[in-house]
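Participant: In case it helps, Swiss-Prot gives these features for our protein:
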COMPBIAS  479-490  compositional bias 'Acidic residues'
DISULFID  Cys57-Cys99  disulfide bond
DISULFID  Cys85-Cys117  disulfide bond
DISULFID  Cys122-Cys165  disulfide bond
DISULFID  Cys147-Cys177  disulfide bond
DISULFID  Cys180-Cys224  disulfide bond
DISULFID  Cys210-Cys237  disulfide bond
DISULFID  Cys243-Cys289  disulfide bond
DISULFID  Cys274-Cys302  disulfide bond
DOMAIN    55-119  domain 'Sushi 1'
DOMAIN    178-239  domain 'Sushi 3'
DOMAIN    241-304  domain 'Sushi 4'
CARBOHYD  Asn104  N-linked glycosylation site
CARBOHYD  Asn134  N-linked glycosylation site
CARBOHYD  Asn192  N-linked glycosylation site
SIGNAL    1-41  signal peptide
TOPO_DOM  42-319  topological domain 'Extracellular'
TOPO_DOM  341-490  topological domain 'Cytoplasmic'
TRANSMEM  320-340  transmembrane segment
Amino acid sequence: MYHGMNPSNGDGFLEQQQQQQQPQSPQRLLAVILWFQLALCFGPAQLTGGFDDLQVCADPGIPENGFRTPSGGVFFEGSVARFHCQDGFKLKGATKRLCLKHFNGTLGWIPSDNSICVQEDCRIPQIEDAEIHNKTYRHGEKLIITCHEGFKIRYPDLHNMVSLCRDDGTWNNLPICQGCLRPLASSNGYVNISELQTSFPVGTVISYRCFPGFKLDGSAYLECLQNLIWSSSPPRCLALEVCPLPPMVSHGDFVCHPRPCERYNHGTVVEFYCDPGYSLTSDYKYITCQYGEWFPSYQVYCIKSEQTWPSTHETLLTTWKIVAFTATSVLLVLLLVILARMFQTKFKAHFPPRGPPRSSSSDPDFVVVDGVPVMLPSYDEAVSGGLSALGPGYMASVGQGCPLPVDDQSPPAYPGSGDTDTGPGESETCDSVSGSSELLQSLYSPPRCQESTHPASDNPDIIASTAEEVASTSPGIDIADEIPLMEEDP
């Protein structure tokens with residue numbers, strides 16, 4: 001793109017000179033051609049004088065930030081030089097100049113003033129923490145920018161919130177994007193910000209710390225507020241009085257809080273402790289550094305303990321011993337229980353317990369009377385032959401309380417009884433029967449001889465049922481055989 005300026009109405013003389021010189025241009029061209037031909041024929045040395053007699057205009061020059069056409073050569077009378085500017089610049093002066101003869105006969109440029117190129121657009125300004133929206137700005141245009149988050153636009157002239165592009169390519173009232181300014185740092189402390197950072201966006205929080213031996217006076221944290229000022233003034237680091245070395249303790253030592261303790265500054269806490277086997281004389285084991293002095297100010301002592309506590313290793317061994325003893329005891333108890341159970345099982349196998357009478361009639365059974373085993377009849381034998389062996393006289397004696405059998409019957413003869421009278425022999429025989437019955441009752445639970453107390457006038461059915469009970473509840477027992485065995489010698 002080329003920018004130029006058309007000649008104004010005041011250049012009438014220039015136009016008149018152009019019109020006068022137009023017919024002479026071919027003549028001048030012919031003269032130059034003729035001169036070059038003569039130079040070729042006779043040599044340049046012989047024509048030097050003639051070349052010097054030729055008149056030309058001086059070089060008009062090339063404007064800065066622009067260019068000219070033609071860019072070089074010899075400018076004879078009637079020559080024209082045209083000027084142009086680069087992008088972003090505009091031409092100040094004539095766009096073309098003519099080489100003409102003045103009234104005194106010399107050649108010169110008309111107009112005589114040199115043309116220059118001046119900046120046409122304002123360059124994009126470099127503003128930190130900002131975004132420039134337009135890329136080109138011409139004369140009179142307004143700058144449009146947006147600040148980054150946390151920063152706000154500020155103009156030098158608070159009454160004029162506009163920045164315009166001047167005709168000379170510069171800006172007036174150029175703004176900046178500003179945050180909170182860099183706060184001051186204490187000489188005895190430091191702050192967690194970069195040394196190169198000069199502005200901080202809204203919401204930034206910075207922290208202050210003091211060197212050892214100094215105390216922070218003020219807020220340790222500062223925040224950049226919406227009005228672009230800090231939440232409080234920067235704190236100071238004040239020197240503190242340092243406490244001397246804590247008192248030494250025999251058979252003990254101390255630790256400080258917080259660790260490590262390079263210097264015992266104000267607020268440092270020291271905790272005392274004793275070696276193993278020793279204990280403090282006082283329950284209070286802390287002292288605090290306050291303004292260069294330890295508080296409370298007392299001497300700490302460690303004395304030998306009367307009771308020595310086992311070490312961790314010994315305590316661990318004791319614990320394992322208890323656990324092992326308990327486990328061994330439990331295992332032994334379980335083993336004894338298992339052995340007892342096995343022994344009980346084997347014992348039952350060799351000595352089976354007495355139970356109810358066997359249901360099978362073929363299994364033999366016996367009783368021991370005075371050390372002599374007596375085989376008992378089976379149940380079937382006792383039922384079928386028991387009553388027939390006793391005879392009718394015995395059934396009557398059972399109903400009448402064991403009297404002597406009747407005269408027409410032949411009862412079995414009892415040893416030791418020679419007469420058949422109903423005298424003392426009767427009671428002895430009944431007692432013998434009673435004794436045998438008691439023995440049988442203890443083994444097989446037969447009915448007692450209380451049935452003999454019933455009178456003879458009772459119902460015969462009761463007597464018959466009693467006899468059946470004796471026979472049924474005493475299987476395999478022969479009453480006639482048992483009574484002589486139980487009878488004592490007179």
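Note that the numbers count up from 1, one per residue, in the order the chain is shown.
Glycine residues also receive a Cβ, built from the backbone N, Cα and C atoms like all the rest.
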Participant: Just the number: how many Å between the Cα atoms of Cys237 (disulfide bond) and Cys99 (disulfide bond)?
Facilitator: 81
Participant: Relative to the Cα of Cys210 (disulfide bond), which of the recorded positions Cys85, Asn104, Cys177, Cys274 has the closest Cα?
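Facilitator: Spatially nearest to Cys210 (disulfide bond) by Cα position is Cys177.
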Participant: Please report the number of other Cβ atoms within 10 Å of the Cβ of Cys85 (disulfide bond).
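Facilitator: Other Cβ atoms found within 10 Å: 25.
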Participant: So what pLDDT does the domain 'Sushi 3' (178-239) average out to?
Facilitator: 89
Participant: Could you list the residues of the same chain, at least six apart in sequence, whose Cβ is under 8 A from the Cβ of Cys177 (disulfide bond)?
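Facilitator: Counting only residues 6 or more apart in sequence, the Cβ neighbours of Cys177 (disulfide bond) under 8 Å are Ile127, Glu128, Asp129, Ala130, Ile145, Cys147, His148, Phe151, Lys152, Ile153, Arg154.
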Participant: Taking Cα atoms as reference points, which of the recorded positions Asn134, Cys165, Cys274, Cys302 is nearest to Cys85 (disulfide bond)?
Facilitator: Cys165
Participant: So what sits near Cys117 (disulfide bond) in its own chain, CB-to-CB under 8 Å and at least six residues off in sequence?
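Facilitator: Spatial neighbours, sequence-distant, of Cys117 (disulfide bond): Pro63, Glu64, Asn65, Gly66, Cys85, Gln86, Phe89, Lys90, Leu91, Lys92.
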Participant: Does anything in the same chain, at least 6 positions from Cys165 (disulfide bond), have a Cβ under 8 Å from its Cβ, and if so what?
Facilitator: Asp121, Cys122, Tyr137, Arg138, His139, Gly140, Glu141, Lys142, Leu143, Trp171
Participant: Counting other Cβ atoms within 10 Å of each residue's Cβ, which of the disulfide-bonded residues Cys274, Cys289 comes out lowest?
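Facilitator: Among the disulfide-bonded residues Cys274, Cys289, the lowest count of other Cβ atoms within 10 Å belongs to Cys274.
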Participant: How many helix, strand and coil residues does the domain 'Sushi 4' (241-304) contain under DSSP?
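Facilitator: Final tally across the stretch: 0 helix, 26 strand, 38 coil.
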Participant: Have a look around Asn104 (N-linked glycosylation site) and count the other CB atoms within 10 A of its CB, chains all included.
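Facilitator: There are 6 of them.
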Participant: According to DSSP, does Asn104 (N-linked glycosylation site) fall in a helix, a strand, or coil?
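Facilitator: The residue in question, Asn104 (N-linked glycosylation site), is coil (DSSP, three-state).
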